[in-house]
Ligand SMILES: O=C(CO)COP(=O)(O)O
């Protein structure tokens with residue numbers, strides 16, 4: 001049985017003070033949740049969130065990191081810095097980073113490998129654009145991402161990667177993929193993982209859906225055979241809404 005995992009991606013929102021306020025409220029609302037719960041926040045919020053959420057069941061994640069250990073990379077944050085802070089997760093290859101910051105599958109692959117060296121669980125984002133879906137190339141596009149992004153990982157590492165299927169056309173648009181559409185593509189991703197790492201890894205790997213997830217959509221999404229959780233943007237910003245999602249709509 002795969003344990004569900006619900007992660008919030010706060011993107012570029014909140015001051016440190018505001019973030020701590022939401023985290024404080026959230027931890028009280030999700031006590032005893034059956035899913036793993038993660039908040040992926042901007043770098044400067046991470047120390048305060050780790051301190052605030054210590055001893056709770058809410059884990060802290062970053063939204064990106066560099067793949068190098070250290071050096072002349074102005075403005076970047078290294079995997080070791082995150083590990084030393086007590087951060088547990090890191091989002092890798094979000095479509096906004098691929099699109100606006102030119103991240104390639106090569107970069108993403110290096111980051112995934114580095115995450116494991118620093119005890120960080122990667123949340124790897126994959127997904128197609130609207131044009132690609134309309135052209136019928138969704139699976140081809142995602143297969144290329146999955147193959148390149150996971151290249152060279154051991155089976156044990158691959159099992160630990162959380163994959164987030166986020167169709168770009170469903171992010172922040174209010175257009176959720178139907179639960180059937182999401183489940184179908186996620187099942188296809190599981191098959192891709194099986195083709196590379198075998199059935200045991202594919203069966204263990206957790207695959208989330210992301211894109212306009214709300215308290216009103218999560219119950220149906222979680223009832224699908226292959227959807228193991230959600231990566232939530234906008235609806236993770238308010239503790240009440242996010243807690244409802246963590247509790248599968250209740
Ligand atoms: O990109 C997302 C999470 O990483 C999804 O964002 P929204 O939930 O705001 O559509």
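Backbone N, Cα and C atoms are what each Cβ position is placed from, and that goes for glycine too.
Nobody curates TrEMBL annotations by hand; they come from automatic prediction.
Residues or ranges marked as substrate binding site in TrEMBL: 9, 10, 11, 172, 212, 233, 234. In sequence order, 63, 96, 233 make up the list of same-chain residues 6 or more apart from residue 11 (substrate binding site) whose Cβ falls under 8 Å from its Cβ. Taken residue by residue with DSSP, residue 11 (substrate binding site) is part of neither helix nor strand, so it is coil.
Under DSSP, residue 94 (active site, electrophile) is assigned to coil, being neither helix nor strand in the three-state scheme. For residue 94 (active site, electrophile), the Cβ neighbour count at a 10 Å cut-off comes to 27, with all displayed protein chains included. The annotation active site, electrophile is assigned in TrEMBL to 94.
Annotated active site, proton acceptor per TrEMBL: 166, in sequence order. When secondary structure is read from DSSP and collapsed to three states, residue 166 (active site, proton acceptor) falls in the coil class. Applying an 8 A CB threshold to same-chain residues 6+ apart, the list for residue 166 (active site, proton acceptor) reads 94, 95, 125, 126, 127, 209, 210, 211, 231.
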